[in-house]
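All remarks here apply to the structure that follows.
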């Protein structure tokens, strides 16, 4: 009876999915579990981190598959740009916005934008020019202006995950805020630049092309941000008015997740910067929507978003390690291994120079506008910021595949060279620079925590969403009102935050909810705990 029952099931399963795909998925899920377990065992290791662990496991797995397949393949899944941009990237960026400490982020907003937007443009320009000179010198093959500009965007996208895992946002709030904020804005700026380049016909350049590029960049930046804010406010308003939690917490959690994802896919639909959209949607949701749901939904959403982001990051780095041994791309460039190594080394050098070209000068400019010593970026912090942006990761890989390959495969020599060079730079920077990150940060910024301090999970060490950090408006501290534009520009940035909080409390929170306006049932434990936090 059991055999007769199993046969139709197997037949149905085979009809709906290819058996080899199922095997591949099983292997990949097993590897994800292995990354989590090994990462936990190496938690206190001085050198290793989640990114390098996943890449190392991916390399080992790719080598084993290469041996089993007798040198024909090293992959169990084919890379897809849609898989990365539609499914893996949204939870990572949304969680970054959802978990950000808004007070620190917006207090240092101008410096973050200076590094993340202006700095990325400087790095993009230098790397694009260097790639143009390099490709002409090395005679890689026929490449157009759009290809060189795309290379600049690809290698301007940083990956500061390794550094953020080491930094303590309670001990170095300014540095953590700058590294974190710059990393997100940098990714968004790189993708916006890449998309702006792809949408223009650069074969016929005239005097207006540059203005069109800048105008398109600003349009994408502003409209994408507004779309994210509107999506976040809409979710807050709907949940506040309808109060799903009185009947089902599942509904309000589901609505938050779906509204966040809807903002991302809408931005993709309208060809905007989905990264910027979902990031600011996360910020708005954490400020308004999160306070409108029940207490159990708050805990649930916080851990759901963090877990989805964590799994996506491991998935990406695991695949990068596995794809590094893809034999098809290396066969194309095997005729000139010295040239391939030289190109990778030159691109890595451009990354180092391009990063230094804006971090130190822009830090100097930022310090000129600061009055208090603790608000200035000292030399050790500048070196840490420079180092944090040297790693290249998933965004660079995805953009390289999107530009120089079709569904993970390429047959043209120049395209294969750029794909293999990108993989080499990503692997070298993530593994080598990543391994050195912990010792370097501990040397530059020695921890001040007492050795006997109890071990606590990371999710509890970091105050959730910065809700425990009261602003000047909350504490009732009097801040002098600026009487002129000059006084406003020379007044410390917390006064701008002060006036925003007054506007927020008077107009935004009564309409969209937020801390102190959550529609809990009167007298419930949830209401009392919320009032305790606010008071």
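The backbone N, Cα and C atoms fix where each Cβ goes, and this holds for glycine too.
Heads up, TrEMBL stuff is auto-annotated, nobody curated it.
Residues or ranges marked as transmembrane segment by TrEMBL: 20-42 (among others).
The annotation domain 'Cation/H+ exchanger transmembrane' is assigned in TrEMBL to 32-442.
Residues or ranges marked as transmembrane segment by TrEMBL: 54-71 (among others). Same-chain neighbours of the transmembrane segment (54-71): 27, 31, 34-35, 38-39, 313-314, 317-327, 427, 430-431, counting only residues six or more beyond its ends whose CB sits under 8 Å from a CB of the stretch.
Annotated transmembrane segment per TrEMBL: 83-100 (among others), in sequence order. Same-chain residues lying 6 or more positions outside the transmembrane segment (83-100) and placing a CB less than 8 Å from one of its CB atoms are 180-181, 184, 187, 260-261, 264-265, 268, 274-275, 278-283, 285-286, 290, 302, 305-306, 308-309, 312-313, 315-316, 394-395, 397-398, 462, 464-466.
Per TrEMBL, the feature transmembrane segment maps to 112-132 (among others). Beyond the transmembrane segment (112-132), the same-chain residues lying 6 or more positions past its ends with a Cβ under 8 Å from any Cβ of the stretch are 105, 148-149, 151-153, 155-156, 177-178, 181-186, 188-190, 193, 221, 346-347, 350-351, 353-355, 357-359, 362, 365-366, 385.
Non-local neighbours of the transmembrane segment (217-239) in the same chain are 117, 188-189, 192-193, 195-196, 252, 255-256, 259-260, 262-263, 266-267, 270, 272-285, 287-289, 292-293, 511-514; each lies 6+ residues outside the stretch with a CB under 8 Å from one of its CB atoms. The feature transmembrane segment is assigned by TrEMBL to 217-239 (among others).
Annotation source TrEMBL lists transmembrane segment at 251-267 (among others). Sequence-distant contacts of the transmembrane segment (251-267) (same chain, six or more residues past either end, CB-CB distance under 8 Å): 86, 90, 94, 224, 227-228, 231-232, 234-235, 238-239, 244-245, 273-274, 276-278, 281-282, 285, 289-290, 293-294, 297, 300-301, 304.
Positions annotated as transmembrane segment by TrEMBL: 303-321 (among others).
Feature annotation from TrEMBL assigns transmembrane segment to 341-365 (among others). Same-chain residues lying 6+ beyond the ends of the transmembrane segment (341-365) with a Cβ under 8 Å from its Cβ atoms: 114-115, 118-119, 122-124, 126-127, 130-131, 134, 138, 140, 151, 155-156, 377, 382, 385-386, 389-390, 392, 417, 420-421, 424-425, 428-429.
Summarising the annotation, TrEMBL assigns transmembrane segment to 385-404 (among others).
Annotation comment: TrEMBL describes 416-436 (among others) as transmembrane segment.
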Intrachain neighbours beyond the transmembrane segment (385-404), with Cβ under 8 angstroms and 6 or more residues off its ends: 51, 79, 81, 84-85, 88-89, 115, 147, 150, 153-155, 157-164, 175, 178-179, 182-183, 186-187, 190-191, 194, 198, 313, 316-317, 320, 323, 351-352, 355-356, 359-360, 363, 377, 410, 415-416, 418-419, 422-423, 425-426, 429-430, 433-434, 437, 440-441
